[in-house]
Every structure is written in structure tokens, then in C-alpha cells.
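The feature ATP binding site is assigned by Swiss-Prot to Ala17, Phe18, Ser19, Gly20, Gly21, Leu22, Asp23, Thr24, Ser25, Ala43, Gly129, Thr131, Asp136, Asp194. Among the features that Swiss-Prot reports, L-citrulline binding site is placed at Tyr99, Asn135, Arg139, Ser192, Thr201, Glu203, Glu280, with the record citing sequence analysis. Look at Swiss-Prot and you will find Thr131, Asn135, Asp136 tagged as L-aspartate binding site, backed by sequence analysis. If you look up Swiss-Prot, you'll see 453-472 marked as region 'Disordered'.
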Amino acid sequence: MSKVLTSLPVGQRVGIAFSGGLDTSVAVAWMRENGAVPCTYTADIGQYDESDIASIPGRAEAYGAEISRLVDCREALVEEGLAALSCGAFHIRSGGRTYFNTTPLGRAVTATLLVRAMLADDVLIWGDGSTFKGNDIERFYRYGLLANPRLRIYKPWLDTAFVGELGGRKEMSEWLQERDLPYRDSAEKAYSTDANIWGATHEAKKLEHLDTGIEIVDPIMGVPFWDDSVEIATEDVTLSFVQGRPVAINGKEFDSPVDLVHEANAVGGRHGLGMSDQIENRIIEAKSRGIYEAPGMALLFIAYERLVNAIHNEDTIASYHNEGRRLGRLMYEGRWFDPQSLMLRESLQRWVGSAVTGEVTLRLRRGEDYSILDTTGPAFSYHPDKLSMERTEDAAFGPVDRIGQLTMRNLDIADSRAKLENYAQLGLVGQAQAELVGSLQSGGAEAIASVGTHEESDAGALDRAAMESGTD
């Protein structure tokens, strides 16, 4: 049976994720006028585009809300963001720039905590402002039902009665004015913005057109690094990590992780760090475009991955990137608390993040222009003496050892040569690649794998004996 209601549940409590903007203000007043009992829940997620969030519940009461609550989600959101950081749970990247999934992170925390708050008030119907074309409608649906399996969904924007009466911003404004209800109609912009403590998303309207660049965006978490008139001074910053968690910035520890993230945002924001322009695939596989800000996450991520590369081996790093990307997509789809995500999170945090302890010093300039000045830690796999070109005592291996290692490679090189000869016979190579690979005559593989003919040495006798009587 569908959990989605398409008409107003008259006489019942309906919880609304309330931002205080025009859309949700009208929704609350309209539901009250038409016989429902609206209850509003506002998430404090540290959003940088809201300067007076404490006043929002009071505004909701003016529109007829029976219950109006402010739910502090900041600590939970920071913790989930730090988990995503340690897992590298970011799948959207373009030209070396990363989108740090700040909106999906916010939705996971907001939906879960708001529905739990509604459940405590015995509010079992929930609505929000997401549209049917976007990602959020599915994210909120999934997280809402995980938090309250009895939850039903009512969205005024899916109700033909509401849309027919109040289909646009002009109609909404006039409707409130006719009833002498106050409202806060934000200035019309060339794009829409959604923000939380980890980042800001700018999308829609003019940004839907790919001939419009990042320069039309007015950053809310930092400076427009592309504007030459904005002075940006060079700054050195040291990030400290313990077991995959950032613990200090420039040697300063903070009373809470929330305070640390605020400081990271301030440092990164001063340089315009962490802004990116991305084309992505929505959950429904339609492509969309967004401009993103995440100065603090970008700053921490640079240092974190520097330490990951200094500490872990190649296969571990490959797994970190592969599984992190998969986890990022799952989060994007609203599956951050699904079993497959929990499995990946547990593995990445336990076996990758827990080993990441150290400090990285960066020199920040403008935008993504930075230098790494120093990298230190107690358990690096990076040991310069192992590969030093200078003469070293007690070296891990010597010239003769490398000759033996190269000889062992003859087996797979011979196999590759045999495949190339076969491909040449099939006409798959040696045509477009003729200048590079030349002609491939048969017999090359055998020549590579052959040991040649020479008098048997002691080593040869041992090898023959092992093959005759030993095991592999």
C-alpha cells in the first residue's frame, strides 16, 4: 500500500520540515485553513544562509502551527560528515575537483532526526518541500520510513488542490497578503541555494544552462577566488589527525567537533577552497548541474588523503578509492543507513581510517592553489631510505635481489607477448599500432621464458631438485 497521501489529511496532525521561507509558510497556513493540524520542525544544521534560525519556530506559530520545534542536528551532522571523510565517500569528481556530498549528508541527518522528533509528538504524517523531479523526495522518503515505519507522507506540492490554488510564488505572496499574514520572501536570485555546516549547493534557474559559469554565484561560505579584486593572502595551516579524525588546526584543539568544522570552514573559505562545478547523475539517472562549496571539508580531505597515501599500501588505497566511491553513491541515493553502506563504512573506518594519524602542513593561496609543506606521522609506510639513490647500509634489497625479481617477471611478460602475437594473427594489433609495436613474429614468448643452455650451477641443481620432489 502506498505511504504517500495525495490529498490533505483533514483533522490530522501533519509534520512539516519548516524553513521559514515562502513555500513552507504558505503550506502551513493553507493546511490550517483547510482543516489539517500542521506541526513544524526546523532543523538547525549550521546552515550558512540562515542568520537567525532560533526565530523560525515563532514564525511558524503565526501561520497556525500547533507544534513548532527547533531540532539541533549539528553535532550528528558533523559526526556523519567525519565518517564520510574517513571513508572517502565521495563519488562525483570532475577535473580533479570533488563534490563532498554535503547535501546528501544533510538529508540523512535532517530526515532521521526530524521524523524522530515528530514521532515523539505522535505526529505520523510528514511533508517537506522536495519536488518530484529531484533526489530529495526519495532521500526523505527512505530515511523517514527507516526512522518511523508507520510514517505516511503528505506533500502539498503533490496535492492538486494546493498546486491549483497556489502554483507559483506570485500566488503564494498574494494569498498571504490577503490574510494579513507576514512572510519572508527572499530576494529573487539567478539560482537556488541549500546549505548546512558542511557545504552549500547552488543550482537551478540560470545554473541549469551550461553556458553560465561559476562566476554568477555569490559564495556564502568563502570568497569568490576568481575575482582578482578580492585580496587573498597566502596562509600556512597545519591539520592534525588521530585515528582518522581531525583533532586540531594549527595546534589548537576545540571544545567540540562542531567548533573544529567551523574553523576549518573559516580557513578554507578565506581562500575560496573547495568550490566545484559538477554535472552529476541524479537517482533517476537524469543529469543535473550544481555549483558546490565545501571549504572545510576540502581542507580536511587534502590532509587526510595525504596521510592515507603515506600510511597504506597500494591495494589498501585502491580498495579505499573503489569502496569509498561506491559508498558515496549509496549516500547520494539516500542509502547511508542501509546494510550495504554500513558494511562499507565499518570496513573503511576500521581498516583505513583507524591507521591515519599524523600532521600535514599546507600553504594555501587562491582557490585550489596550494602546496604541501610537511607531512609527519608515527606509522608511515613511506621510508625514503628504502629507495634512496645514495649508498645505504642495511638496505632492504640489493642489485642481485632486483635481478632475481626481474627474472621472475619473465613469466607474465612471456604470457603478454604470446597474447600480442595471437592478436596480431587476428589483425587486432599491428595495424593502427604498427609504428609503435612493429611486426610481431611468432616465437617471442618462448624466447622470453627460456632459461637458455648453460652448465648447471648449484642453484640450478637446487631448483631441479625442488621441482622433482617439492610442492608449490
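Even glycines carry a Cβ here, placed using N, Cα and C.
In sequence order, the binding-site residues near Glu280 (L-citrulline binding site) (Cα within 10 Å of its Cα) amount to none of Ala17, Gly21, Gly129, Thr131. In three-state terms derived from DSSP, Gly129 (ATP binding site) belongs to neither a helical nor a strand segment and is classed as coil. Counted over every protein chain shown, other Cβ atoms within 10 Å are most numerous around Gly129 among the binding-site residues Gly21, Gly129. Note: the CA-CA distance between Asn135 (L-citrulline binding site) and Ala17 (ATP binding site) rounds to 16 Å. With a cut-off of 8 Å between CB atoms and residues at least 6 apart in sequence, the same chain places Arg59, Ala60, Tyr63, Leu176, Leu181, Tyr183, Arg184 near Ser25 (ATP binding site), listed in sequence order.
The binding-site residues listed here (Thr131, Arg139, Thr201) include no residue with a Cα within 10 A of the Cα of Gly21 (ATP binding site). The record assigns Ala17, Phe18, Ser19, Gly20, Gly21, Leu22, Asp23, Thr24, Ser25, Ala43, Gly129, Thr131, Asp136, Asp194 to the ATP site; their largest pairwise CA distance measures 19 Å. Each residue contributes its Cα atom, and for Ser19 (ATP binding site) and Thr131 (L-aspartate binding site) those atoms are 15 Å apart. All protein chains included, Tyr99 (L-citrulline binding site) registers 25 other Cβ atoms within 10 Å of its own Cβ.
Each residue contributes its Cα atom, and for Asp136 (ATP binding site) and Thr201 (L-citrulline binding site) those atoms are 13 Å apart.
Neighbours of Asp136 (ATP binding site), defined as other CB atoms within 10 A of its CB across all chains, total 20.
Taking only the Cα positions, the spacing between Gly129 (ATP binding site) and Arg139 (L-citrulline binding site) is 12 angstrom.
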